[in-house]
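TrEMBL lists 7-26, 32-53, 60-81, 101-120, 127-145, 175-194, 215-234, 240-257, 269-287, 351-376, 388-409, 415-434 with the feature transmembrane segment. According to TrEMBL, the domain 'O-antigen ligase-related' annotation covers 223-366.
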Amino acid sequence: MATRQYLFSLIRALCCFTLVWCPIPLASNRPWAWAILELLILVIFSLHLISVYRGRSPWFAGLWQQLSLLPFVAILAVLAAQLWSPVSWLSTVDPNQTEILWVKTLCYGLFAWMISSYFRTDSQLKLLCYIIVASGVFQASYGAILNLQGAETSPIFGVPEGNRARGSFVYQNHFANYLAMTLALGVGLLMAELSSRAMQWNWRNISRTVLESMLSTKILLRLALVIMVIGLILSRSRMGNAAFFTALLAISLYAIWFYKNKPALLKPLVISIFILDMIAVGSIFGIEKLQQRYEETSFSSETRDEVVQDSLPIVADAPWFGHGGGSFYTVFPGYQPGHYSAFYDHAHNEYLQFAIELGVPLTVLLGLWLLWMLWLNLQTMRLRQNKLSRGIAFGCSIAIVHMLIHNLVDFNLQAPANAVLFITVLCLSCIVFTRQDNRGISSTQPEA
């Protein structure tokens, strides 16, 4: 029994370590860094195989988990066909990049398998979400300190800092996207901590509620949200900020109408994030510079829209199965009419890049899958009794809507750190919808 508990705890600890580690070495977006990430995931999966072999845990937590892994199987199947098909029109134009993407996708799928197998109870889900929030706080603090100190390069990897915070990431928009997802889960955790009891709005009750919050973990969680908002603002990411606050507003409006047993402080919490964090705190940490970037944005100065426009013929030439996973950089120069003012090795639109590399049908199916995950979260908020399930679903909904918006102008899923975190968000969406309300434990879940 002790060995079983140790093995399960070790798997969970390694999963949490992986989530904290993967953004640190340049968002794991270098060959040596993603090799370490893949090795970590393979070690975790090997421990799962040992547990299954010894009869201490099942292969899968249930049918729902097998269905949730089908998108990974579909991507792997298309990539395998591109790599090893004898038919020329199906073969990839860049076998090396497609093989790299195949291995990455396999490891992403294995990590999703482990998260959905070993994090099911309230305590396990809280641990996972708090680890993610802690990682976001670390990244935001690190990025903010370097930015406010005016550092020219990062101290470890020597990456040029410029005038925008980037944490341990290379690209500021990836940093902003990562923080937005950790922020979303932080807001969800805070929602789960709020009381659903009806409250009379008088000074005595308000003072007592504020005092209770200051003496509980809620004040630390609220402080964490402030730190991450500071990091998000200092990233100066236009769509990163706009997508997050748009997603927060949209999901909050849904929650006001449909959230089951909604917390009495739901509206004050959302208002405080917009007024206190975005406006008051943001004014101290240079929100006017972000506003200036919005004002200076114009189609004449931006070339990302030209890249999207020039990439559309690539889709038309191979609409069914694409040109090969990871092949955008190889294919695009042949369609590029001229030089741009910036370097583009990605389409700056995930939907377009997926269609170019994997084909339109698979891209549409993956998009529908994301909408299905969003719908599961909305249903969890509306129907579930468990406060933690509803809170996590609230945070996951914000993260998914943010990603759907931000991916219109960027390539966030090309950074392994962002991809792993977003996959974890999708796993959490399935877990909180499918787990039992009373104890939150599936009958096939390793409970140790």
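Residue 1 is the first one shown; counting continues down the chain.
A Cβ is built for glycine as well, from the same backbone N, Cα and C atoms used for every other residue.
No curator has checked TrEMBL annotations; they are predicted automatically.
Taken residue by residue, the domain 'O-antigen ligase-related' (223-366) breaks down under DSSP into 99 helix, 0 strand, 45 coil. Model confidence over the domain 'O-antigen ligase-related' (223-366) stands at 85, taken as the mean pLDDT rounded to a whole number. With a threshold of 8 Å between CB atoms, the same-chain residues lying at least 6 positions outside the transmembrane segment (415-434) that come near it are 18-19, 22-23, 27-29, 33-34, 37, 62, 64-65, 68, 104, 108, 111-112, 115-116, 119-120, 125, 128-129, 132, 169, 171, 174, 177-178, 181-182, 184-185, 370, 373-374, 376-377, 379-380, 384, 386, 388-390, 392-393, 396, 399-400, 403, 442.
The list of residues near the transmembrane segment (127-145) in space but at least 6 beyond its ends in sequence, with Cβ under 8 angstroms from a Cβ of it, reads 12, 15-16, 19-20, 23, 115, 119, 165-169, 175, 178-179, 181-183, 185-186, 188-189, 221, 224, 227-228, 230-232, 234-235, 285, 392, 395, 421, 424, 428.
Tertiary proximity for the transmembrane segment (7-26) is limited to same-chain residues at least six positions away from its ends with a CB under 8 Å from its CB atoms, namely 32-33, 36-37, 40-41, 43-44, 47-48, 50-51, 56-57, 111, 114-115, 118-119, 124, 127-128, 131-132, 134-135, 138-139, 157, 159, 167-170, 178, 416-417, 420-421, 424, 446, 448. Three or more CB pairs closer than 8 A are found between the transmembrane segment (60-81) and the transmembrane segment (101-120), so contact between the two stretches is assigned (pairs 6 or more residues apart). Listed by sequence, the residues of this chain that lie at least six past the ends of the transmembrane segment (101-120) yet keep a Cβ under 8 A from its Cβ atoms are 8, 11-12, 15, 18, 34, 37-38, 41-42, 44-45, 48, 57, 60-61, 65, 68-69, 72-73, 75-76, 79-80, 83, 127-128, 325-326, 357, 416, 419-420, 423-424, 426-428, 430-431, 435, 440-442, 445-446.
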